[in-house]
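Taken from TrEMBL, the feature transmembrane segment applies to A:12-34, A:66-91, A:103-125, A:137-155, A:188-215, A:238-259. The domain 'ABC transmembrane type-1' annotation in TrEMBL covers A:68-259.
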Amino acid sequence: MITARREAWTGRLLLILMMAVTLLPFVSLFVTALHPSGTYPAGLAWPGDPQWGNFLRAFEAANMGALLWSSVLIVLGVVPLSILLGTMAGFALGHLRLVGGRVVFLLFVLGLTLPFEGIITPLYYQIRDMGLLNTRWAIILPLIGLFMPFSVFWMRAHFVNMPGELSESARMDGANVWQLFRRIHVPLAMPAISSLGILLFLWTWNQFLLAIVLVDDPAKRTMSGALGAFQGQWGTDIPLLCAGSLLILTPTLVIFLIFQRHFVKALLQGSLKG
Amino acid sequence: MTAHPAGGRSAHRRPARSRPRRARGLAGWLFVLPALAFYAVFVLRPVTLTFQYSLYDWNGIGASTWVGLANYGKVFTEPDLFDSLVNAFQLIVFFSAVPVVLGLAIAATIRRIAASRLALVARTVLFLPQVIPLVAAGIAWSWLLASTGVVNQLLTLVGLGGVTRAWLGDFATALPAVGMIGAWVLLGLCTLLLLAGMSKIDPALYEAARLDGAGPWREFVSITVPSLRQEIAVCVTVTVIAALASFDIIYIATQGGPGNTTMVPGLQIFYLAFSEREVGTASALAMVLMLLVIACALPIQWFAKDGNK
């Protein structure tokens, strides 16, 4: 009994310590962002005269409105289509037992661990030849392709566990494959689909490499890519840089806090399956 | 392509349904085709092109010359290139070993209070590093690790003022410092994954162990770790890939410097291809990186599967 209580207290202490370490960078960004711009604040020190205006200046300097809009457009281009294609392919490969389906599935699985850096060079020339450099399509189209292995893998894992009788009875009623998919299997797959959507949203929003290589104009990049440019431009003005970083990570933070239960579930399952 | 007899198991029912089955097969392929098309155009084609480029000397603009495997020779002999691979493997210590070992220890300690309100709050907080862009983590930590940053402030506070330095700018500490940023990003995820795995362990096992007189350490080694085989494998896979393929954090925090001490393959490929215009060498390094990632990920997966069957 005494050991159990002591264990519980060590546990609590450890948790609090871990949370402190996790939050430290955020606190530091916040405190530093309030110092007069152009100064080099020493460590964690509350400024005598907090400069709340820094956030406003960073908002304007980073052109946040345009950035937000750009990221939203990219997410809207990537996520719905990836979900649709991934769900369709996952359904066919997991439920319909296609002849030769295993080979195709293995081909997708091979792409699961692919580091984006591995293909960034030919991708650049390919996108250039398609005339898409410096447009949002340069990020949207490759990302859909790059997300296919995971999307197909994820959705197939769901459909493989659906009982075959479900489809049999629908077929008896004369449903064709598309109706079977649309009316019966998609509604049942909604939990898996929404987790996939959360993960894809996060990965798109935070995509950095494709954004800095394929798009020069920060206003057409993802938030993350734009932050890279912001650092290049304002890297010497530490308080402004910190204010800008905080602003740029706010949208994901807000969405995370709203949907945190789904997020945590999706991320845990996502890494378990991936 | 080999045809797998997928319908073999229901052979006795087959004659009556062979026609609709074939029709469904065709319709089924229509379901796969769009996904496959995107994958082929934007992943498979670039992968083959990477291999093709890796056999040529090409500056990205003019004519290219066939050089065979010479670019691969360069990757393994030129110190600048080879060191980036060595650095990536050293990063594994920080990206994988630290989060997994610490995560195990922490999860084992907080297992008993996993359902408390504090633990629920912690779940949210510990996930934050997974949600924010790595770029933001890089910026925040560059500032924390700067010569006047919080890390040095804390060290001075506990009487270790002598070791303070610009952690990311020092030849000896830059790589471990970058590694700590990665550990910060991945620790929460590993802890929570392992904790979720621990909640599935049958409590009767622990009671039996207690009755046999096992202490906490014995419990940990004989029950907790073996039961978490799959979760540990997942943590190791995710973190090893994150280390080998790291880019964002290093691009922001050190750009590979000072010198080449934090150069990693991902960043090296980026510089070679887009600044130094050595597309062939960049592609050879890219091939090596892709193969390394697969070579590391596959055995871990097999290891995890073995334990289950």
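Yeah, the Cβs are placed from backbone N, Cα and C, and that goes for glycine too.
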Within-chain partners of the transmembrane segment (A:238-259) [C-beta distance under 8 Å, separation at least 6 from its ends]: 26, 28-30, 32-41, 51, 54-55, 57-59, 61-62, 64, 67-68, 71, 198, 201-202, 205-206, 223-224, 226-227, 230-231
Result, the transmembrane segment (A:12-34) in contact with the transmembrane segment (A:188-215) (3+ CB pairs under 8 Å): no
Same-chain residues at least 6 beyond the ends of the transmembrane segment (A:103-125) whose Cβ lies under 8 Å from its Cβ atoms: 89, 93, 133, 142, 146, 148-150, 152-153, 156, 209-210, 213-214, 274
